[in-house]
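*Asks:* Per TrEMBL, the features are:
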- 25-475: domain 'Major facilitator superfamily (MFS) profile' (DOMAIN)
- 18-38: transmembrane segment (TRANSMEM)
- 80-99: transmembrane segment (TRANSMEM)
- 111-130: transmembrane segment (TRANSMEM)
- 136-157: transmembrane segment (TRANSMEM)
- 169-192: transmembrane segment (TRANSMEM)
- 198-221: transmembrane segment (TRANSMEM)
- 284-306: transmembrane segment (TRANSMEM)
- 318-342: transmembrane segment (TRANSMEM)
- 349-371: transmembrane segment (TRANSMEM)
- 383-403: transmembrane segment (TRANSMEM)
- 424-445: transmembrane segment (TRANSMEM)
- 451-471: transmembrane segment (TRANSMEM)
Amino acid sequence: MAPAMATRSEGGHYNARITWFVVLSCAVAATGALIFGYDLGISGGVTSMDHFLKKFFPEVFKKMKEDKTTSNYCKFDSQLLTFFTSSLYIAALVASFFASQVTRAFGRKSSILLGGAAFIIGSAIGGAAYNVVMLIFGRIFLGVGIGFANQSVPLYLAEMAPPKKRGAFTSGFNFCVGIGILIANLINYGAAKIRGGWGWRISLAMAAAPASILTLGALFLPDTPNSIIQHGKNYEKAKRVLQQIRGVDDVQIELDDLIQASDIAKATKHPFKDIRRRRYRPQLVMSMAIPFFQQLTGINTITFYAPVLFRTIGRGESASLLSAIVVGVVGSSAVILTSLIVDKVGRKVLFFVGGAVMLFCQLTIGGIMAVKLGDHGQLSTTYAYLVLILVCMYVAGFGLSWGPLGWLIPSEIFPLEIRSAAQGIRVAVDFVFIFLGAQTFLAMLCHLKAGIFFFFGGWVTVMTAFVYLLLPETKNVPIERMEKIWREHWFWKRFVLNDEDYNGNKAETT
């Protein structure tokens, strides 16, 4: 029997404290981000290994070793090489739409489980590859795994987290991405030193380790109270889980809000159609704009190709991989700092600080490379270390802002009735632009040369202005009461219906 419905007052608050149960559940789920980060780090690492290039991409290897006439910026410009990296994201894009339906129909836990299993298969194929076709086939399975994990894990973290600590918990997604990149860079560094030239197989196959943790852990994860109510109306079970993850007995106010949100969600039969309604316009815009801007910071292209970038400026194979490790440590440290302060200082302050740091670094790196590197030169040791420091500062700026917040904001602003659909759109847009970035970065580096950093710097300016004008602060707002921030925003309030209109009328599709 459903509990009595409490009035949904704006002044109500949820009782909650941090428990080991919710920490462990979120830690296991966040390994879904670990596999994403591991792949980001591995891709750029193995494509800078001589034996890997010689076996699968001999033209690139020959150009790098023997061609003295090709510009520094163009030695790695190969569509086949970039397709090796970017094929994963095409598969992830397609998988994300199926993942949205699975998440809505069967819950977050099911999508996490499927994502881990697909990633294990892809890791095995990649590690055993003997030609490019097999290599790319393995990447497709990895993409399916990442598509399912990236769609479901941020939602799981946001729904499980205590409202006042949601920023810290959801930032764990990006923290695990950073840890995955760091682990990958460490493995790449060790694998590159293996005699016989087969170390790249270890790099690719070891992706199965975090995927196994995710898959096995998902078998024991509880589903979120939101998902339990949405799929079975088992209010007592949802209440028990809510009491476990909140660490208190009095969870009635939050439970009532979840039930109310679920009732609205059940009336929504076609979420991908309904999200186009006028009252959901803010969420639709954010589901597309935030991942679009996140990729145009340039972070994934730099993460993919950090070892390649350092080889471009004259560092050797081992030094370039070691430099990527340093960058990974800095990025992970910045995300830890963000998780500690995001629920205190708010989201927008971190966007502004991170944006300013990234802009400064990109403009400075572009200036150094334009003046000191040129087409056929090599940076001195002093300038090479300066570029490394600036890349670290840039990654730290991203780790303070668009890294964790690019996942946190979308996971917390969507109402339950469109949450899976909106997250599916967010992930799909993300993968479209990761694919385009991965597929075009080396060509852009070849043609724009140092100007590529000014290109990304210009976009950082645009996205910072977007946040200032159009993104309301979400700090400490319960996830099922988030509609309040849109009703009070100077621009978005014109799209969002008031409570009377919402209860009495259906919004028109415009």
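Heads up, the Cβ atoms here are built off N, Cα and C, so glycines get one too.
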*Asks:* Sort out the residues at least 6 away from either end of the transmembrane segment (318-342), same chain, that have Cβ-Cβ distances under 8 Å to it, and list them.
*Replies:* 41, 44-45, 48, 167-168, 171-172, 174-175, 178-179, 181-182, 184-186, 188-189, 192-193, 306-311, 350, 388, 391-393, 395-401, 403-405, 408, 475
*Asks:* May I ask which of the stretches 80-99, 136-157, 198-221, 383-403, 451-471 has the most CB pairs under 8 A with the transmembrane segment (424-445)?
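*Replies:* Per the Cβ count, the answer is 80-99.
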*Asks:* Averaged over the domain 'Major facilitator superfamily (MFS) profile' (25-475), what pLDDT does the prediction give?
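*Replies:* That region's mean pLDDT is 84.
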*Asks:* Ranking 111-130, 349-371, 383-403 by the number of C-beta pairs under 8 Å to the transmembrane segment (451-471), which range is first?
*Replies:* 349-371
*Asks:* May I ask for the residues of the chain that lie six or more residues beyond the transmembrane segment (169-192) and have a Cβ under 8 Å from a Cβ within it?
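*Replies:* Counting only partners 6 or more residues beyond its ends, the transmembrane segment (169-192) has Cβ contacts under 8 Å with 22, 26-27, 30-42, 45-46, 49, 153-154, 157-158, 160-162, 199-200, 202-203, 206, 210, 303, 307, 317-318, 321-322, 324-325, 327-329, 331-332, 335-336, 338-339, 342, 399, 403-408, 411-412.
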*Asks:* Go through 80-99, 111-130, 198-221, 349-371 and flag the stretch with the largest number of C-beta pairs under 8 Å relative to the transmembrane segment (18-38).
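*Replies:* Most Cβ pairs under 8 Å with the transmembrane segment (18-38) come from 198-221.
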*Asks:* Can you name the far-off residues of the same chain, 6+ from the ends of the transmembrane segment (111-130), with a Cβ under 8 Å from a Cβ of it?
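*Replies:* Non-local partners: 29, 32, 35, 95, 99, 102-103, 137-149, 151-153, 156, 201-202, 204-208, 211-212, 214-216, 218-219, 221.
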*Asks:* Taking a Cβ cut-off under 8 Å, which residues six or more beyond the ends of the transmembrane segment (198-221) line up next to it in the same chain?
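*Replies:* Residues 25, 28-29, 31-32, 34-35, 38-39, 42, 45-46, 49, 51-52, 109, 112-113, 115-117, 119-120, 122-124, 126-129, 138, 142, 145, 149, 156, 180, 183-184, 187-188, 190-192 contact the transmembrane segment (198-221) from elsewhere in the chain.
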